[in-house]
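For reference, the structure is listed below as structure tokens.
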């Protein structure tokens, strides 16, 4: 029995997050249902990240044991895509070592967050960007991210229900202005706490609006208190973009 990994993209709009749950539609659920139709047995998958309700993915990585050694990786990809709904797509399948685990063996996770700052709403993008019709000072936001890069206790930027070790490493945060008033916030790190990226984005927007000075980010981080930070940016602007391993 060989082990394979698959790079998956999905539109998170109509899912209750990635992780499988009873009685609701999840990304893991539809993937494992598709694999069961292909292999006539339940196949359990592991993923590099568990995205929340409404969050999208360009490069989610999953792994599973394939019970049919005669199928090529291209056969598996084609069979999965033939059995998956239109809002999930397998971009690539490849073999990995038998002990490979996407959650633990990934060395970098990259998230993208999109903010549309135009005064007019774009109804076609409403599920895929955060429409925020205010001018943002990107230079101030770029100064603020320097306080977040590196290894820190990110208690101020996690949800209260996340009991994991709050110490995380952010390798880099980039803020880019794209065309048509679209702002991209790219966050690179080894691993993240629940809603950590969205909470960071909300805090950066405070800086961009000049409600906070860039130095406020250091104060919030050192407070180690969720109530010291801003709110949470909407889920639909966030994309699990890519992993490296």
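Cβ from N, Cα, C; glycine included.
Record features (Swiss-Prot):
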- 52: active site, nucleophile (ACT_SITE)
- 111: substrate binding site (BINDING)
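Under the DSSP three-state reduction, residue 111 (substrate binding site) is assigned to strand. Sequence-distant neighbours of residue 111 (substrate binding site) (same chain, 6+ residues apart, CB-CB distance under 8 A): 186, 187, 192, 197, 238, 239, 240, 241. Its own atom aside, the Cβ of residue 52 (active site, nucleophile) has 18 Cβ atoms within 10 angstroms in the protein chains shown.
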